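One structure is given below, encoded as structure tokens.
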Protein chains: 2
Amino acid sequence: MSLRYAILGLLSKEPATGYSVTREFKYRITHFWSAHHTQIYRELVKMEAEGLVRSKTIRQSDFPDKKVYAVEEKGMTLLLHWLLQTPEKKETLSMKDPRLLRVSLLHLIDIDQSMAYLASYRDQHKSAQKEIKEWQSVHLESLNNEQFGEYLTSEFAIRYMEMWSDWCEWATSVLKEYKKKGDLNETQHVESDGS
Amino acid sequence: MSLRYAILGLLSKEPATGYSVTREFKYRITHFWSAHHTQIYRELVKMEAEGLVRSKTIRQSDFPDKKVYAVEEKGMTLLLHWLLQTPEKKETLSMKDPRLLRVSLLHLIDIDQSMAYLASYRDQHKSAQKEIKEWQSVHLESLNNEQFGEYLTSEFAIRYMEMWSDWCEWATSVLKEYKKKGDLNETQHVESDGS
DNA sequence: TGACACATGTAATAAGTTACATGATTAT
DNA sequence: ATAATCATGTAACTTATTACATGTGTCA
């Protein structure tokens, strides 16, 4: 139920279309929020029905019409209320990372395969980090108050990516050692002494 | 659609009940997977209908009956297939962290409030890290092949928590400085020079 | 000619959450 | 008594994803 807060948060900075909200989620704040475009369009319609936002259809000659949404007072009040409420009931984090799921089961597959995955995960995060840094240097040259939160969260993202790639390298080195010793994916029966 | 892989992964280590699967998700692999108990029960029923797992009802004298699920060959094949398929289509990560959402909008609220949030987030991750370390020392004393993946992912979790609390401290110090300078949450109108 | 970016959406399905229900035992 | 843990589930609901649809302009 906090998709709407994410949307309101974006709209509070400047009015936007469903399309541009989707784009922002996709290219900028993937590290803490994501949503599918159909979901965003539907939510925006619902929010307008509830009087939280208001749309204005802009006619364009070179492109199809677009609907620009802006936050209404009621929406701003709701957003502020959410921001201020003490998060007693632990907010649903719902981490669901299939990559880590895979790693947790790596004893079931080939060790070289596992290392290949780790290498690609590492590259993914390295390049993601690079992108964020580039985004920072473009959008966060001169900080104003509105951008301050984004400065903090983009720094979070950089550290997160750093942590990921460091961990990948660490895990790879650990796997390499185990491979040398032949502990993994080999003769698993020698360990069970009796059962 | 990868909830079933998470469940199959747990069952592949040892047969379990819906209840214990829920418990494992909750206390052990929260950092990369989570699911509600009703969802797990439903999924298990569906999976049994599809022949991926098989249940056995165990009568208990002191407790109500329980249904222990074990992976069938078909389920194991499916799991292995999923593990081996190259993840070309970027797997849906769907990060949804309301805490970071809040931080990204911290210019809308009081700066002391923001710092209070950061402090509690820091504590949360500190204690979560402690719990994982304790879990490690209990469950990962002598590593066998099956536990190897969990060793890697629990190390990930520890680093993740470390990163989080470090970032909280960094963000707090940055906010402190800004507070001194009075840049945030004060006289935002002085900046706009003309518009 | 086909793909891609712009821009918006419907319909169908899958996934996830909340509220509620049952019924025993153990701890406070 | 009351709450908590064990153990399983149904029903109702909300949220999220996929497939599909439409239509224009630009680029290779």
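Count begins at 1; order follows the chain as displayed.
Glycine is no exception: its Cβ is also placed from the backbone N, Cα and C atoms.
Just so you know, TrEMBL annotations never went through curation; they're auto-generated.
Features as listed in TrEMBL:
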type	residues	note
DOMAIN	A:7-77	domain 'Transcription regulator PadR N-terminal'
DOMAIN	A:95-176	domain 'Transcription regulator PadR C-terminal'
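The average pLDDT computed over the domain 'Transcription regulator PadR C-terminal' (A:95-176) stands at 92.
As a summary of secondary structure, the domain 'Transcription regulator PadR N-terminal' (A:7-77) carries 35 helix, 13 strand, 23 coil according to DSSP. Mapped onto DSSP classes, the domain 'Transcription regulator PadR C-terminal' (A:95-176) shows 71 helix, 0 strand, 11 coil.
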